[in-house]
Amino acid sequence: MFNHNKVNDSFSIALVLSFKFEKGIGIFKFKMFPFTKNLREKSMRKRIKRFFLFHLTVVYVGICSLSFLMLHYTQPSPLIDEVFHIPQAISYIKGNFTEWHPKITTLPGLYLSTSAVFNVIAFVVDVPVESLCQPFYLRLFNLLSSVFTMHVIYSIVTFDDFSSRKVLKPKKAFWVTFNLSIFPISYFFNHFYYTDTFSTLLVLMMYRQHLLNNFGKAALLGLCSIMIRQTNVIWIGYLIIDESFQICQKMLRKRKDHILINPMKAFRKLLDEYLLKNYVANSFKNSRYYLLVCLLFLVFLYINNGIVIGDKEAHVPVVHLCQIFYFSVFTLIFGFPHFIPSLKDFLNAVRENKRITLISLIACLLVIHFNTMVHPYILADNRHYTFYVWKRIYEKYFLVKYLLAPLYLFSLYAITSNLDVFKIVQFWICTFICLVPQKLLELRYFIVPYYMLRLEINYNNSWCTAVESCWSVLINCATIYIFVHKEFFWPDSPDIQRIIW
């Protein structure tokens, strides 16, 4: 006789065994394949990054298109330095590499790059390359370069292994990248055929490859950036210092020391013979490509008998310490939402360290008194804002430059307090070498140091980022409005003159 109870019992046992087997398989899968969850998370993060980057690109290109058309049709002819940049580029595009304008101080990297791109476009589209030799297309080349710069900035601020600051989430990275992309000085010159846009792109690409530990690629990009602006060699030095610091940290971390917690103790440990040998060997191994580029640059300096190519009389190296003060205030003005919060700490530091504050103030005043320099170009060219600042403020009111000393001290403090211990040394060494030898106060010289600084600081407050966006948009609108509507003439020229940075 058929026993239903046995069947039911057997069925129940089978279910239990099946459940335990499946559970065991599940545990096996969980233990053997935990990375599948990580893969899904990484894939999701990449999709989110691409989503924000796409919308960021659309917003940026849309804004730039409007301002580009407005600025170009206001000034269709070459503007100031374009008077020699554009003819030089056209000569290279046409294959004439023997002509050189004596006022050009930089190497021909920009013109070579433009020539290569334009000749490829002419070949693909099947049009005469001469048809592209117009200010519109040359300026468009720079504008498109700025779009690539924006992408590089986004990839840096969302980089997962950034050592000196917190990694930004895609949403905040969107706003930080947008703010840096519309940084008023670089944003304005992105619309014209100047060397700064392409130079900045290559420097940031170099830095990105360095973060990825692609030292050979970074060195090659650094060499290309030097071909645009010779002073970019300083930022290769920045990478050498950075890599040395990273190696130092890794070695000391193994011995449970950290240079940021106890720098002197870490330094003494580093002097240990075994550690020192390994440190030097590893530093040289990772920096050998950078050192090779620096060596080639020294050969160039020897052959050229100086850093600039042309107009050497107007670009003689000097010791202009006030450039550091100008840069610090420049940084405070354009990035004030991120630096003003340091004011309370600064005032506390002043109260607690009155002697150091007094010494610093006296030193600052002495530098201002004995080292304030004015380049003839500033006083001779009323097409730049620096002319009006100097003529209507610095020269008109004798005490102004001295009254700015406390502001200089605060801005230096605000910048420094936003960097970690070693980045302070690294950043200020390179910025000092970059700016102090320059007699000319030229705001474009501040672009790369400003970017390198901003990429190192933390962005903890969303309101600061939002305020900065509004501030940059306001400045850009004012700058464009003045450029479009403020016209004047020189007595010896029929051309309309306009005011730029």
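From the backbone N, Cα and C atoms, a Cβ is placed for every residue, glycine too.
TrEMBL lists transmembrane segment for one of the ranges 110-129, 430-449, namely 110-129. Among the ranges 218-240, 356-378, the stretch that TrEMBL annotates as transmembrane segment is 356-378. Within its own chain, the transmembrane segment (289-309) has Cβ neighbours under 8 Å at 100, 104-107, 215-216, 218-220, 222-223, 226, 230-231, 233, 236-237, 239-240, 243, 315, 317, counting only residues six or more beyond its boundaries. If you look at the transmembrane segment (316-336) against the transmembrane segment (398-415), you find at least three C-beta pairs under 8 angstroms, all six or more positions apart, and that counts as contact. Here the transmembrane segment (356-378) touches the transmembrane segment (398-415). Their Cβ atoms form 3 or more pairs under 8 Å, with each pair 6 or more residues apart. Residues 52, 55-56, 59-60, 63-64, 67-68, 71-72, 78-79, 81-82, 85-86, 89, 135, 138-139, 141-143, 145-146, 149-150, 153-154, 157, 168, 200, 334, 443-444, 446-447, 450-451, 454, 459, 462, 465-466, 468-469, 472-473, 475-476, 479-480, 500-501 of the same chain lie 6 or more positions beyond the ends of the transmembrane segment (174-194) yet place their CB under 8 Å from a CB of it.
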